[in-house]
Amino acid sequence: MDKRKESESATNGHLVKRIRIQDSSLITEGSVLQRTSDLNVPNLQMFGHTAEVLVARFDPSGSYFASGGMDRQILLWNVFGDVKNYGVLNGCKGAITDLQWSRDSRVVYCSSSDTHLMSWDAVSGQKIRKHKGHAGVVNALDVLKVGSELLTSVSDDCTMKVWDSRSKDCIKTIEEKYPLTAVAIAQQGTQVFIGGIDGAIKIWDLRNNHCSHVLKGHKDIITSLAISKDGSSLLSNSMDNTVRIFDVKPFASAQRQLQIFEGAIHGQEHNLLGVAWSRNSRFVGAGSSDKNVYVWSATGDLRYVLPGHEGSVNHVDFHPHQDIILSCSSDRTIFLGELN
């Protein structure tokens, strides 16, 4: 693993002020507001990437996060204490489009515009393997959280592929008519949700390679999908400038669309802006091309509009154990901030 030198101060976290639009209260170091996390300070901005940051995700323990983007590198960061970029993973020949952690936090997986998936040992920084098989940009990646650690990926080549993380070879391919841009795998590993440029979200049953349902409502490209913690709801984002929740429980009613959230927008960059559930699934978050992070209650109320970035916010993630939100941007920076 490449390590940052101590002199590279630009990779450290810096205290910043961030305004909650709902009540315009400042959250600053020494604020009288009750602290809600173990962060050293309520809000930090991290520097280190040399190009647009497209994705950032916490590891399952919540002690670390990884970020990647157009500079073809994955940066590894501490969350608590003196927040620093402690390692750099190199090897992809194209932009890092998505990344995931293994459930034991020892492996980092990524998808890339170079048509491959890659995995690294997050402790040693050693490359583990490269997964080859896609014939176009790999836009998104998800990992099964229980049982065998399966990977799912979708690509501009109009296919969704399933991989055994222990092998280089693809174990299943599903072909669609249009390029695919988003994927999420159900907790039990029998269903995969995929979205593409046609605006439809399809539920594929991996046991019989059958599309069991199509979730309709979006009118433009699906940019991100995420399953709720209990597996009952699917969160989606689209270039139609809406974020939606769908009921994906077995034998759900015909009207599966539960919520529509508005506010977050997609701009001329046409980046695949991400969405995320909070740790208790009470809140959802999304990036926006207007440089803000949007957070809603799952019941539909807009709770926060968080400024600070100077470019499109491409991805957000919630901490698995504390009230902390992570965001990354085309401005090459990353924010860590607590929610109160």
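Glycine is treated like the rest: Cβ placed from N, Cα and C.
Listed features, source Swiss-Prot:
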REPEAT    48-87  repeat 'WD 1'
REPEAT    91-130  repeat 'WD 2'
REPEAT    133-173  repeat 'WD 3'
REPEAT    175-214  repeat 'WD 4'
REPEAT    217-256  repeat 'WD 5'
REPEAT    267-306  repeat 'WD 6'
REPEAT    308-339  repeat 'WD 7'
PLDDT averaged over the residues of the repeat 'WD 6' (267-306): 96
Two-stretch contact, the repeat 'WD 7' (308-339) and the repeat 'WD 2' (91-130), at least three Cβ pairs under 8 Å: no
DSSP helix/strand/coil residue counts for the repeat 'WD 6' (267-306): 0 helix, 18 strand, 22 coil
